[in-house]
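Colleague: Quick one: structure below, then a few questions.
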Amino acid sequence: MASETFRINSKSILFTGDAFMETRLYRLTSPTTDVVIKTQPFAEILYWGPHLAHFSPQDCASLIRPVANGRLDGDSPVTLMAENGHGLFGAPGLEGHRNGFDASPVFATREVSQNGQTLVITSEDATAGLRLVSELALSDSGVLKVRHGLTNLRDGAWQVDRFAVTLPVAERAFEVMAFHGRWTREFQPHRVTLSHDGFVLENRRGRTSHEHFPALIAGTPGFGEQHGDVWGVHLGWSGNHRLKCEAKTDGRRYLQAEALYLPGEMALATGETLHTPWLYASHSSRGLNGMSQQFHRFLRDEIIRFPGNKPRPVHLNTWEGIYFDHQPEYIMRMATEAAALGVERFIIDDGWFKGRNDDHAALGDWYLDEQKYPDGLMPVIHHVKNLGMEFGIWVEPEMINPDSDLYRAHPDWVLALPGYPKTTGRHQWVLNLNMPDAFDYLLERMSWLLGEHPVDYVKWDMNRELVQPGHAGKAAADAQTRQFYRLLDVLRARFPNVEFESCASGGGRIDFEVLTRTHRFWASDNNDALERNTIQRGMSYFFPPEVMGAHIGNPRCHATFRQHSIEFRGLTALFGHMGLELDPVSAGAQEAAGYQRYAALYKEWRELIHTGDLWRVEMPDAATQVQGVVSQDKTQGLFLVSQLAMPDYTLPGALRVPGLDPQARYQVRLVDHPNIQLTGAGGHTMRQLPGWMNEPVSASGEWLTQAGLQLPVLDPETAILIAFERV
Ligand code: DGJ
């Protein structure tokens, strides 16, 4: 088909007619989102926003910018590589040099190919001797993934200081949301208004981190769960990173994300190629819920793969039950009790290997502790399996304790820079996975564990950050992350049916890239149901419930020493991948009955929770936290209402239930609640229940969404579960 070329005016860029495939303008389209990219003479995203039902390429002429006075004489595009050479004075996408030369590359498009909704743009800077290959893929979910590959075409190494993916967002995206956190308090959202300059999120901890989850959301002022335009990005990378939202002096804005390189860490030899991590981007004009639902759908369609496609089994993890005190007879009693409670997978945590009696020693010595397990692990495993459960085990392969046989034999295997004292964290150092012998040793030991024992599940921990990570005298944080991926890749290829959990002192390594190799995250070491409500809500912006490890812990949480009822703990663990984190042998009868009840409730509802659309609902009182799931066919909805603090108002107001079919009628059913107390004589917060809790109510989806359902007055730190079932 011949392509028609339009000349808009003498100074304009050229636009092609209907034949996108042939030349300059390309459109990626999905049911919710479209992206329009101009590719000549350089690549520039012209549009990233809602799906366009009536798009024609000529439309893009409306976006040709004026040139302001008192500045450069021409237009300065925010290109895909955001080059300063175009007169863009913000952070460029690429910084580096060849011994001081070739330091300001500008790329011109050489070749473009589109295959379905994937676009590959090859461009070059012949002067600097660099080639850039940009890949953009828009999935049906509406999530756009982007990465660049840079190749050094010339003699002499090209030192890479920064290499980022840049995505422009609308000028009206004035508000930025990010997540701060710490150990035992991950995924805490915070916001800034960005009128000028930039907002930077920088992580130098060597793992994804509790502190700086690699994501930014830019949106229209005051965007909320159900309203506003939002552009959210997440960098799939488990090492150091930098994300930025920049408001240019001309009012344009862009998001930028990159793996962060330490000085001297990254150089490209002649012919070598470096890829940025994938950047995942989701735009929604329906607020944050729309953004999250697209991310969840994308992960379900393209990344999350459970061997055998099994429902997510109820776990029992031994850590907060027995810690390092491993006695096989007792562990088998725990397994017997666990099976009776409905547990489907039993996991032995830290403490099973040689000399591991506390957290001061033995990391690296991946041999069974024969003093604790004189008959080996098999009797315990057989016992677990005979009870009909899967068996899982904890490891922390990337670490080495100074007090370990491994360190005594190989003191040079530590990831460090010579000439400096080595900092310990949790009394441990990091093993240098860039040493082939160290890598092979780990591979051999892990293969022994998984090959000689019928292990179904591995909890892969990583309990400290990297300080001065060095290999052969040079910085090696990036290389260490890549070796960690390689180790998991080899193990997964050898043991394709084993599931892996990514744990790093709880939520220290949660990202899309590690999820391509794992099946679950331990969201936090904090099992306090009150804290978990906010942590899990924060995590839900990017991750669906089925990969979010959520356990019922002891009545008194070991992290905070707070106490919560079994109902509050049980319901809080329901909207994730549920487990128990305790000793069922020593649990009282009432507690044990609670564990059993919530394991059964989880099994009843997990299919809906793990496949439906997740909704977070804003209530008048910020301490009333509501989330729910509605099935894809809208026949069922399940909503959890958690009262996190003393209510602000004497009445909680109506829950306007999102996601239901407006035309259908739904029966409202109270599924679970604390022992709701009514009193007329002081104490507690409610005298009379809302009507629907006495007399059954059904209503249209439209009514429930628009008018809502009156909620009961809940005491602080309690929750109720409500189902909406189509009649
Ligand atoms: C940190 C993890 O997050 C805990 O769940 C537990 O596995 C301990 N490590 C064991 O050392």
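Backbone N, Cα and C define each Cβ position, glycine as well.
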Colleague: Let me know which member of Arg154, Arg426, Arg556 TrEMBL also records as binding substrate at the site of Trp183, Asp349, Asp350, Lys459, Trp460, Asp461, Met462, Asn463, Cys503, Asp525.
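Modeller: Between Arg154, Arg426, Arg556, TrEMBL records just one in the substrate site with Trp183, Asp349, Asp350, Lys459, Trp460, Asp461, Met462, Asn463, Cys503, Asp525, namely Arg426.
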Colleague: Relative to the Cα of Asp525 (active site, proton donor), which of the recorded positions Trp183, Asp461, Asn463 has the closest Cα?
Modeller: Trp183
Colleague: With the Cβ atom as the reference point and anything under 6 Å counting, tell me which of the recorded positions (Trp183, Asp350, Asp461, Asp525) are near ligand 1.
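Modeller: Among Trp183, Asp350, Asp461, Asp525, near ligand 1: Asp350, Asp461, Asp525.
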Colleague: Hey, how far is Asp461 (active site, nucleophile) from Asp350 (substrate binding site), Cα to Cα, in Å?
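Modeller: So the alpha carbons of Asp461 (active site, nucleophile) and Asp350 (substrate binding site) sit roughly 9 Å from each other.
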Colleague: Of the residues in the domain 'Glycosyl hydrolase family 36 C-terminal' (629-713), how many are helix, strand and coil by DSSP?
Modeller: 9 helix, 26 strand, 50 coil
Colleague: Within 10 angstroms of the C-beta of Trp183 (substrate binding site), what count of other C-beta atoms is obtained when all protein chains are considered?
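Modeller: If we count other Cβ atoms within 10 Å of Trp183 (substrate binding site), we arrive at 18.
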Colleague: Grab the pLDDT values for the domain 'Glycosyl hydrolase family 36 N-terminal' (44-267) and give me their mean, rounded.
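Modeller: Over the domain 'Glycosyl hydrolase family 36 N-terminal' (44-267), the predicted model scores a mean pLDDT of 97.
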